[in-house]
Amino acid sequence: MYSKNVKTIGYRETELAIRIRVAATSWYYRLAQFSHVVFSIAGLIVIITYLIRFRPKHILPENVRVLVDIMILLIVAHSIDMILLHLYHIVQSFRVSSAEPCLIREKVSFCAPFRYTYAFCSMALAICTYCIYIDRVACAFYKHYTKNQRFILIAQLVQLVVISTSIVLWVYRNEESDTYLLSCLNVPVASVADMTKATVAVFPINFVCFFLSIGLFRHFKRKEEGSSSRFDIVRHFSAAVDVESSEFLYRTTGTQAAIMALFSVVSLAMRLVYNSLPRPVGLTIATFSYIFSIYSFVVPLIIVQYVRKTSENRKSRILSHVGLKTVGSEGAQNYFEMIKSQWEQ
């Protein structure tokens with residue numbers, strides 16, 4: 001009787017492994033994996049373009065610049081992780097044979113470096129957005145902001161690292177390292193519920209920040225228009241930078257919120273239809289539903305387009321303003337040349 005049960009269990013495990021191999025070697029599942037590679041590479045290309053051509057032209061408040069640079073770094077790390085992870089699985093899907101179908105799966109312990117990297121990056125991106133808006137709110141309403149700006153930045157960086165790391169460690173605290181996963185993109189069964197809780201708690205931050213961006217843009221715009229310091233170059237320049245940075249954050253945060261909304265809809269749809277679909281199709285949809293690779297391409301693209309547009313508009317306004325106002329007084333000419341120099345720095 002015992003021998004018969006062992007044979008039955010062994011047969012079921014082999015049958016499951018064969019079904020998994022068939023699913024993992026289907027062309028549409030490989031296409032879903034390769035899409036992550038394509039979007040991640042495209043994102044890296046856009047980021048390189050931004051760093052080389054547009055970052056020097058991107059005028060941001062000091063603290064915001066540091067946090068945006070961290071966002072870019074997180075996207076780079078996430079993209080590299082996705083490229084390595086999915087290329088590995090694609091290669092493995094071509095190497096696996098029908099004689100050893102179980103080789104298509106990987107241990108949870110093997111996937112840990114990939115999993116911890118993309119989990120930390122995705123959580124840290126949400127927390128980093130939150131930190132940016134704390135800084136902007138402090139700038140808008142805290143009268144000693146300039147004096148304590150460096151301390152605020154340090155506090156934000158500590159908060160970013162501690163919260164992101166704590167969430168990831170908490171989510172995966174119960175993972176069983178000896179169990180197997182079809183893809184390192186999958187969350188271990190023991191951690192699925194905790195990952196859902198963390199996602200529900202963290203990602204709505206993007207929607208809160210989006211509405212904050214609208215309010216902050218209006219606040220800084222009124223402050224700029226009501227300023228009596230138009231002939232104080234430094235103060236007027238700072239006010240204009242606050243307005244530009246608020247518009248920039250409005251666009252990027254709006255994009256993030258839209259992607260998070262899409263992620264929620266796709267994830268819910270996947271859970272509703274997954275069990276009614278053939279396994280290869282279900283796995284393909286599940287792989288497509290992780291849309292952070294699209295995020296890693298779209299957000300840098302929005303940044304590049306915004307900086308290009310604002311740089312062109314700024315240059316046009318300055319040249320027009322200088323052309324109209326410098327006729328006559330030599331002092332006025334010097335003044336507007338100073339403004340032009342400030343804006344182009």
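Every residue, even glycine, has its Cβ placed from backbone N, Cα and C.
The transmembrane segment annotation in TrEMBL covers 34-54 (among others). Beyond its flanks by at least six residues, the transmembrane segment (34-54) meets 72, 75-76, 78-80, 82-83, 85-87, 90, 287-288, 290, 293-294, 296-297, 300-301, 303-304, 307-308, 311 of its own chain at Cβ-Cβ distances under 8 Å.
Taken from TrEMBL, the feature transmembrane segment covers 66-88 (among others). For the transmembrane segment (66-88), the list of distant contacts is 33-34, 36-37, 39-41, 43-44, 47, 50-51, 60, 114, 117-118, 121-122, 124-125, 128-129, 131-132, 135, 153, 156-157, 160, 183-185, 292-293, 295-296, 299-300, 303: same-chain residues at least six beyond its ends, Cβ to Cβ under 8 Å.
Within the chain carrying the transmembrane segment (116-139), a Cβ under 8 angstroms from the stretch's Cβ atoms is held by residues 61, 63-64, 67-68, 70-71, 74-75, 77-78, 81-82, 85, 145, 152-153, 156-157, 159-160, 163-165, 167-168, 171-172, 185, 198, 202-203, 205-206, 209, 212-213, 216, 242, 245-246, 249, 253, 256, 292, 295, all 6 or more beyond its ends. What TrEMBL records for 116-139 (among others) is transmembrane segment.
The transmembrane segment annotation in TrEMBL covers 151-172 (among others).
Look at TrEMBL and you will find 198-217 (among others) tagged as transmembrane segment. Within the same chain, residues 123, 126-127, 129-130, 132-133, 136-137, 140, 167, 170-171, 243, 246-247, 249-250, 253-254, 256-257, 260-261, 263-264 sit at least 6 positions outside the transmembrane segment (198-217) and bring their C-beta atoms closer than 8 Å to a C-beta of that stretch.
Per TrEMBL, the feature transmembrane segment maps to 257-274 (among others).
According to TrEMBL, the transmembrane segment annotation covers 280-307 (among others). Residues 22-24, 26, 28-29, 31-33, 35-36, 39-40, 42-43, 46-47, 49-50, 54-55, 57-58, 68, 71-72, 75, 78-79, 82, 118, 121-122, 125, 182-183, 185-186, 247-248, 251-252, 255-256, 259, 262-263, 266-267, 269-270, 273-274 of the same chain sit 6 or more residues outside the transmembrane segment (280-307) yet have a Cβ under 8 Å from a Cβ within it.
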